[in-house]
Amino acid sequence: MLKNEVEELADKRPPKSTPPAPGKPPTLYYEYVVQHTCPGIRPGPDEHGADCNLSRHGCDGYLGDGPLVTISERILRTQDDEVVQGWSFTGVTCYPEAVPGRSGEVADKRIAKAFKVTKFALPAPTWDPPRTDPLVNKPVYFTTTFAKAGYEPNETRTIPPSQMLGHDLKILPELKNVTYHFGDGDQHGPTVDTGGEYPDGNITHT
């Protein structure tokens, strides 16, 4: 099995399992184990520590670091982890590190990908009075707002459960701090204050 085929085992659903519902995983799932590919092995966990030349050298000349391993699977019920169907062979692969422990879980890679493709709103500073105002030696009030495009602090992005194997995933950006640089060597912050317009803003500079 190629690496992508092995990774896709995480999304494999037993034949009699219901599809994921919002906030709920599938009713059944696969559990996976690997063992060295050697003559006479049986499906399931390797209880005898089998090792042989076939396993050690079976991946020579192929992609993947090996060793050549055999993947076994069995079906369990999600509600109580009761075994529904015993071990059977799934296939062999040179990518033992890519074999998931089970199906029906939201893997770290899936969560990381959802975070990576989420567009976050960029900060858009404004000031009052505007730069075109001829006032001199008067305090300028600074405000940190956010662009309309993307998710800003305290705005939640909800990932559809259909993309997360029935699980709910919410991404909520949080403002850690802001530092205001005034262009004359002075600055204010770090602070969580986003400022405000005249006369209520707390971030001013003359």
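Using N, Cα and C of the backbone, Cβ positions are placed for all residues, glycine too.
Residues or ranges marked as region 'Disordered' in TrEMBL: 1-25 (among others).
Helix first, then strand, then coil: DSSP counts for the compositional bias 'Basic and acidic residues' (1-14) stand at 9 helix, 0 strand, 5 coil. Annotation source TrEMBL lists compositional bias 'Basic and acidic residues' at 1-14.
For 16-25, the entry in TrEMBL reads compositional bias 'Pro residues'.
What TrEMBL records for 185-206 (among others) is region 'Disordered'. Residues 128-129, 137-145, 175-179 of the same chain lie 6 or more positions beyond the ends of the region 'Disordered' (185-206) yet place their CB under 8 Å from a CB of it.
Using a Cβ-Cβ cut-off under 8 Å and counting only residues 6 or more beyond its ends in the same chain, the compositional bias 'Basic and acidic residues' (1-14) has close neighbours at 26, 28-30, 32, 63-64, 71, 73, 75, 84-85, 90-93, 95, 98-100, 102-105, 107, 165.
For the region 'Disordered' (185-206), the DSSP-based tally of helix, strand and coil residues reads 0 helix, 8 strand, 14 coil.
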